[in-house]
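Pulled from Swiss-Prot, these are the features on record:
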- 1034-1310: domain 'Protein kinase' (DOMAIN)
- ILE1040, GLY1041, GLY1042, GLY1043, THR1044, PHE1045, GLY1046, GLN1047, VAL1048, LYS1063: ATP binding site (BINDING)
- ASP1158: active site, proton acceptor (ACT_SITE)
Amino acid sequence: MMMDILNTQQQKAAEGGRVLAPHTISSKLVKRLSSHSSHKLSRSDLKALGGSETISDGPSQLTFKDRYVFNESLYLKKLKKTALDDYYTRGIKLTNRYEEDDGDDEIIRLSNGDRIDEDLHSGVKFFSTTPYCRKMRSDSDELAWNEIATERFKWQSMLARVLKGDIVKGEKTRIANQVKKPGLNKELSDEIWLELKAWLNGRTMQEMEQSLTYLRDSSDSVFEEIMKFQIPQGKILSLDALEAILQDLMNRYHSVVSYWPNLKKMYKDKPITNTAEFTARIDVMNSWLNFKTNLTLRRQELDDWINRFSPISSSDNCQEDFDGVPQWNCKMKILAEQLMKEKNIESIFQKKIFYPLSPWMFKLKLHFIVYRETLTKMNIKYPYERLRSLLAFPVYLIKEVILTRLSYARKLKNPTMMMIDQMIDDFNAFIRLSVQLKYTLTKYCSNLPFDVDFDPTFENTVIEAIRYLFFLLNLKLIDSSKQNFKAPDLLLKYWDHLKNTGHYINGAETVIPNEFLKLTLRLVHKLQFYLLKQQNFPPTFANASEAEKWLSSIFENLGAMKRKLNRFSNILVKAFQNSAVYQINHNAQLVKKLKDAHYFLVYSGNTFESSGVYMFAAPELLGCDNDTILRILRNKSIGCDLVPKLDIGNNLNVYDITTKETDLNILVSKGEDSKGIPYYRVVANSSSDLDRHAHQSKKKNFSTDPFDQHLDEKNNEVFELEVALSSLGALVVLYPGEPVVWDGPVYKLPGNNLFASNEMDLGKIGNPNTLILLNQGSNYALTYQIDKFNQTVGDSVSFIEKRCSLNSIESSLQKINKAYYKLTYTVLNNYKGILGSFMKQCPGNELLNSIFMFGRDFGRSFLKYNAFSSKRKYVIIFLMVKLGMNWLKFLVEECDPTDQRTFRWCVLAMDFAMQMTSGYNILALNVKQFQELKERVSVCMSLLISHFDVMGARATEAENGMQQARLNIDTEENIDEEATLEINSRLRLEAIKTLEKTMKRNPRQMGKVLDATDQGNKYLLSLASSLSNVSMRWQKRSFIGGGTFGQVYSAINLENGEILAVKEIKIHDTTTMKKIFPLIKEEMTVLEMLNHPNIVQYYGVEVHRDKVNIFMEYCEGGSLASLLDHGRIEDEMVTQVYTFELLEGLAYLHQSGVVHRDIKPENILLDFNGIIKYVDFGTARTVVGSRTRTVRNAAVQDFGVETKSLNEMMGTPMYMAPETISGSAVKGKLGADDVWALGCVVLEMATGRRPWSNLDNEWAIMYHVAAGRIPQLPNRDEMTAAGRAFLERCLVQDPTMRATAVELLIDPWMIQIREIAFGNSEKDQVPILSS
């Protein structure tokens, strides 16, 4: 069998310790071909006749083309029946349940031929270590008799002593310490300034000085005007009018400043200009003018970005008010559509919105805080309306992006698991970005005289995204047919992401807890269903080993998932329980202690009091507003951390500044992260200030920029938590059942409609004579509040339980607790079914004993981690008592008392029975049960005594017995292989037929993207006029690779969920387009006419103003070159399979009149099923073409270089044929150069070395090829004789004698793999008639 051959060769290769990376990929194809074969060829039909033109088959003569046509149809038929990976194809239905320098490092050769040894400056003695200088030392005697040389050495020594002496050293030090040359004195500099100014004005110095004196004396009016400038109260000025007034005043001020040579002179002559108020007024007017101009520019940049991002075909003329964001909506939708195609939308927001705006937002807030009083005196307001529009823009945009993504997501019916994972990542990013925007903008406007106009539906849209995220999580974790035992880990991950969302988004504080609880409940139910299914329908096992393996897997999966779910449930319980219920023991004493502890009554306007319910607030809440009380009652902080924090990884963290950080020396610096995304960070103006500011930022949380990793906040977390905890208060809801007299302080809540929500009906929580403690803030503070309250009231109350004040959440918590109870009950009550089944099929005692041990551990886990009523506790304990008794019964009746394992199990079972019957539990047994317990314990005790090892005698005897024992196993295997294969083939064919009915095909949707009336885009219009121009909704995923002109990404078709490869070619100017247009057009022309399983599928092109997107088939397996990086392919059968697929694709190309001309491992890809695909047809040409266009590519397809003529060389030298390099007029048969390149690829697969790897450069390679030499063939250890003969036919120097791809398909080396794949049975021969 084929698989036996593959497995045997794989084992041999593994023993050799070499990499077989491609083996598993290609073996899929061989298995499919062998198992799906229905039409088979005889061995006689596949015999090769060398270079003859025909082969004989009975009376008819068959040409190579006829045989190729038949084989090709059979090959294509098998590939079309290929089963795909269900991760990409199976829909999930909603159910109810990544040059060394070879020069000489020691010797540096100079241009004049001399040499210098680098050890000259290394501190080692030069004349004793360098060979070159040792020779110089041998000539020293001759130099000593040379008078000229002696004179020069003396002069050299004298110069060295002078330059190294103290005098020269001192002068060097003095010169170095001079920071600058002596400057001109002040008087001389002023005279120069005056002389220059007089010369410029055509006056003498005396005249100029008199004029300046007069002008300085008359400048007081300008300074007084600045000091008295104020916009009249009630006068409304437009921004342009105010700008004209301020600009005129500032122009006159700057004109007056020019009367003095410098500001110091002006400050001395006019002291008023050196006052703080005057300086502040100048700064305010300058800042106002700067901010108006820059905010206008930022707005214009956003408009340009929106227009540039929209497609060429967009003809929307959106008329919007300049300062009005809602009027942006028509373009928001277009922009959102385009942003959906980008993978990382957060980086788009950072580069296009946050990065340009953040420094100006920061500076405006800083100036507002510093000059607030001056702004009030001058009655000047910053251009807040423009600021509001820029602040609100990303809010409106993210809302539109969410709505657009939701509309596409809801159109998908039964999405695949890959699509679900992609959508989960998308919505998680959208929610994270929305929360960051809401938090940052709200905080930014907290001390500004305006608020951001959030879209009224923004928060509802975010909540819809949250709901849909949980819908997707349900599909992934619950509705998938596969059991996901890592679901609790995934839930914990998204809990960490979403738990603080409700603190910022109104309405999410109840949605998120309820959705997490529903998911957890469904997971527990699914786990119980899985357990029942395994108990009621266990598989049939051939031997005890299979049964033990299956049972161990069940116990491991159940136990691990139960433990993880328990831990996650406990996290939810602790996060959601915000109240403690007490019973009142002494009503009057309780009221007195509350008054003594400075509690105050919160009067609700008789809303609660009329029902006998009274609210008291802790002294920490004294002076709070109404919203604080309502947030406690409505549990707005449910699930949040004690100090909610957001990890903002973009420049939203630069927007805000605290009121204490008013140092104008603070600067904003630029930088880039590892991905090339630009960012700003806040720094100080000097190194000393930087150190100080870095220290302060930890305390004030000023710069939380993640790029500043040196700002570590861990040392401040404990202190911050302590401060937050001590500042939190609590509400006490008293339901005494009788009137309460209160003579302490009272706080009255205004209005009577504050408690309209049903969740506020606190009277339903407890019964009369009950007290409820509601904590403020995070529910993690509840334990602290309980301890604090207990110290206050003492024994006047008794603690009952913790719970959640929201009825819906408390109900879900109780349902989860009940589900755990049912699951544990199922395990403890139904273990007998599994025990009985295994006793019949596999009566191995060790396997059966593990069932009891699993039940014991499961019950213990429930009692340890779950809270429940005493009744349910009694039921579980009683079942565990019965489990212990049955365990003892099993050991007594079924196990071998002489087996050492039985002794070990008895110890465990008796210990468990003792624990479960301890205390009053023993009384739960009736007389019969107690009697049975005593008898079984008695037998087990006897067994224990019989196994006691006295003085080591038993151990010695056992050791001797083990040395004498021998294991004799006689295994007989009698399997009908033919019947097994027949059943296997039938089942596979049925599965393929079912899959074919449900497989989705990607229709080529036609559409126009370009504006046909635009005359300035002739190249784009030419591309857009192609029949392959498509219009589809797609989204960019991960980056694959890039080159000179283009980058390749994986993408997802949002309309049907298919994975695509998108080549994105940026168009910077007309010159660039003129250069790459022929390349794009040529490759499109070739790809449009090809359709074959071994050629990458081309889907179409999408044309925009600034880029062109080419859609192709996505090959997830990577390139053949990347596989060969791990080493050669050890298994020759794998090489044969790959070569077979390469020949099939190459024969199709040549039959279609296309020559690839750049075949190499980098241009050969593998899809996720391991099928070979030819890519990169930039150098390809058709037979009817009048000219040839070429392009040199890397591992990823890339449009790169300019068009070359027909006579120029194309391809990669090490894979180029001799006739291509020499430019010979004799080209041989069609595609002969491709066959040579294919032989070089097969050679590289067999040896793991590039062809001509022993040569240094491409010129040497081309010389050897043109000289008639061929690459070194594999040795006998690397390839069989048939394989080497195949290579010799490919690497023939004369192109006219070189075999074609069709001829190579019936080479004996290919016949071998074809027979293995398709078979050679005589009864299934298919006659072929000559054409």
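Glycine too: its Cβ is placed from the backbone N, Cα and C atoms.
Keep in mind it's a predicted model, so treat the numbers as computed, not measured.
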Rounded distance in angstrom between the Cα atoms of GLY1042 (ATP binding site) and ASP1158 (active site, proton acceptor): 18
Separation of alpha carbons, the residue listed as 'active site, proton acceptor' and VAL1048 (ATP binding site) (Å): 19
Cβ neighbour count (within 10 Å, all chains shown) around VAL1048 (ATP binding site): 21
Neighbour-count leader, CB within 10 A, binding-site residues: GLY1042, GLY1046: GLY1046
Length of the line joining the Cα atoms of ILE1040 (ATP binding site) and the residue listed as 'active site, proton acceptor', in Å: 21
Other CB atoms, at most 10 A from the CB of ASP1158 (active site, proton acceptor): 25
Neighbouring C-beta atoms (10 Å sphere around the C-beta of ILE1040 (ATP binding site)): 19
Rounded distance in angstrom between the Cα atoms of the residue listed as 'active site, proton acceptor' and GLY1046 (ATP binding site): 19
Average pLDDT across the domain 'Protein kinase' (1034-1310), rounded to a whole number: 79
